[in-house]
Amino acid sequence: MSPEQARPVRLANLHKRFGGFVALENLSLDIEAGEFLTFLGPSGCGKTTTLKIVAGLLTQESGEIYFGERRIDTLPPSRRNIGLVFQNYALFPHMTVRENIAFGLRMRRWPAARQAERVEEMLALVRLQGMGNRKPEQLSGGQQQRVAVARALAFSPDLVLLDEPLSNLDAKLREEVRLDLRNIQRQSHQTTVFVTHDQIEALVMSDRIVLMNSGRIEQIGSPQMLYDEPATEFAARFVGANNLVPARLEVVNGEAAARTGSDVHVRLNTVVPGLADGADIWMCVRPENIHIITGEGSSDGSGATVLDMIFQGTTVLVDLESDGLGSLRAEVPARHVAGIAAGQRVGLTFAAAHAVPRS
Amino acid sequence: MPRGLLRVFANLGWTVYVVAIVTWLLFPLSLILLSSFQGTISITTDVSNLNVSAYEAIPDRYWNSLWFTVQISVVATVTALLVSVPAAWAMVRGKLAERRFLSNVVLLPDVVPHIILGIALLTLYLQIGLARTWLGMLLAMLSLSLAMGLRFTEALLEGLPEEYELAAETMGANKLQALVLILMPLMAPGLATAALFIFISNMVTFELLFFISGPNASPIAVRLFSDIIDRGIMPHSVAMASIMIYISIAFYVIVALTLGPKYLAGSTVSRKG
Ligand SMILES: Nc1ncnc2c1ncn2[C@@H]1O[C@H](COP(=O)(O)OP(=O)(O)OP(=O)(O)O)[C@@H](O)[C@H]1O
Ligand SMILES: [Mg+2]
């Protein structure tokens, strides 16, 4: 489907309960036509529940779903025109790859010739030419995954939903397929909602990320936005590694700074909007933004003692006990750690610090 | 004792164990088969004078009974499965509140001795004119087949992830299409296995049908029993029993050849991706 035809998708106040348990709490969201949107959140936060409601496999207590101007949550699953990729793919074991991909076309009564043409197109898109006559059991996990994607895309759905489609793959394959999937989406301009609890996956693949927590949306934004300027403590802790230090916000002449209980003073690069002078905050510093300085006369930040060093290949994690900020973790390029050892006194500077509200 | 030797003994032990079980299972059957070719009812291991005289002596009323039994067994089996699939689907997928209750009710016919059920049926059938009729026998047999069929299909559906149907639906299939295009083919091997077991158990149903059968509607098991009570065991009775063994084996082989042997390994194996 070309991007001109694609319609935006709107979820309005979706509410879902299981008995007394609120799984979704008035969830509202606008999905742009052609975008790759990711639902990211811890296990049990309601990602699958949301997908199932959108696909019509579960009914919401209240709320509506629109494709463009058209309300679709009153339609049965078969009439919503949504492509769904299940976590375990659910390829029909008694059908060939070709028959699997053609299934949606067959249900829409496409003429046989057009079906065949479309199937070839999809096989090419997912790079499985020549495998059309195989049965799913004759494919590797990654190939099955791509068939499932081809099957969901074939009938030009208004929306494609993928529920943790990579979680069955081993780590190396997952990285490959991740980029594959991203490229396929770029080529097809298919509006896509992708579900994962893996934040790296979300950061790598998405145009935008919807961060979910306990049935609510915690933050929506680009991967860069979520990483650099998390809006809440939850976001700051969930996306990427982070050091959180309790502090109080100080604004002097438009310059923001964090003052900790032990009177250490750190300049803040970014602050969540709406925080006023004197507010309780978490100062957030990414490990890669902590620079370690050895040698004399080096301390414009605070001092610290090195506790432990964890070699990771290209980088080294350095655990520190700082003088005024408690325990911190820094991530330093491996070639910069010469001269640092456990037990040593060092100086610290912060390349970037961010503040989120603390309640 | 060295480990290798220990393993040899362990293997030997298992072999003896398995052979003993198989012998125990097949011994009576082989005796019947052997004596059916000896033309006598004395049990000997004499194989010098095998012949088919016992088979030739099978009277027409036996053949009629056998044909009658095959007919109602097939009809009862097919009907039971046709009824069971949608019923099991509603029970398993519909998450019926009555599900538990139904699943257990299905077990009830088996907790009463079938002979008692047969007597109860006779009382009822006499009043509504079904006693000693083809239809009456079929309905009685069907009740047992249904109980088995429901248990089989329920287990089959339980073993089949709902995702297949849901995937079909999201791609535009309605419930009927999902049932016919996805569920039925996936259940087919299991259903064939179920049919095999139900058919064979129908062929030998005895207690339930004993009281309600009559001269014109007499299943072969009842016929054999009555004849043996009246005149003692005759060589042709043994021959007829052997024929029932052949029918069961033939049916088993047909199903096995169609499906491949792996589906018969467990009785209700379902097909998964
Ligand atoms: N059928 C159900 N009955 C009762 N509670 C349910 C049901 N389905 C889901 N829940 C609950 O709703 C919450 C959200 O579930 P959901 O499956 O959407 O989580 P998720 O975000 O997809 O998690 P995961 O990453 O583990 O897949 C969970 O706490 C779960 O226990
Ligand atoms: Mg989930």
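Backbone N, Cα and C define each Cβ position, glycine as well.
The shown structure was predicted, so the numbers you read here are calculated from the model rather than taken from an experiment.
According to TrEMBL, the protein carries these features:
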TRANSMEM  B:12-34  transmembrane segment
TRANSMEM  B:66-89  transmembrane segment
DOMAIN    B:66-255  domain 'ABC transmembrane type-1'
TRANSMEM  B:101-128  transmembrane segment
TRANSMEM  B:134-157  transmembrane segment
TRANSMEM  B:178-200  transmembrane segment
TRANSMEM  B:206-226  transmembrane segment
TRANSMEM  B:238-259  transmembrane segment
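Annotation: stretch B:206-226 has the most Cβ pairs under 8 Å to the transmembrane segment (B:101-128), among B:12-34, B:66-89, B:178-200, B:206-226. For the transmembrane segment (B:134-157), the residues of the chain that approach it from at least six positions outside its boundaries are 68, 72-73, 75-77, 79-81, 83-85, 87-89, 91-93, 103, 106-107, 109-110, 114, 118, 121, 125, 183, 187, 190-191, 193-194, 197-198, 201-202, 205, 208-209, 212-213, 217, 219, 267-268, 270, judged by C-beta separation under 8 angstroms. Contact between the transmembrane segment (B:206-226) and the transmembrane segment (B:66-89) is supported: at least 3 Cβ pairs lie under 8 Å, counting only residues 6 or more apart in sequence.
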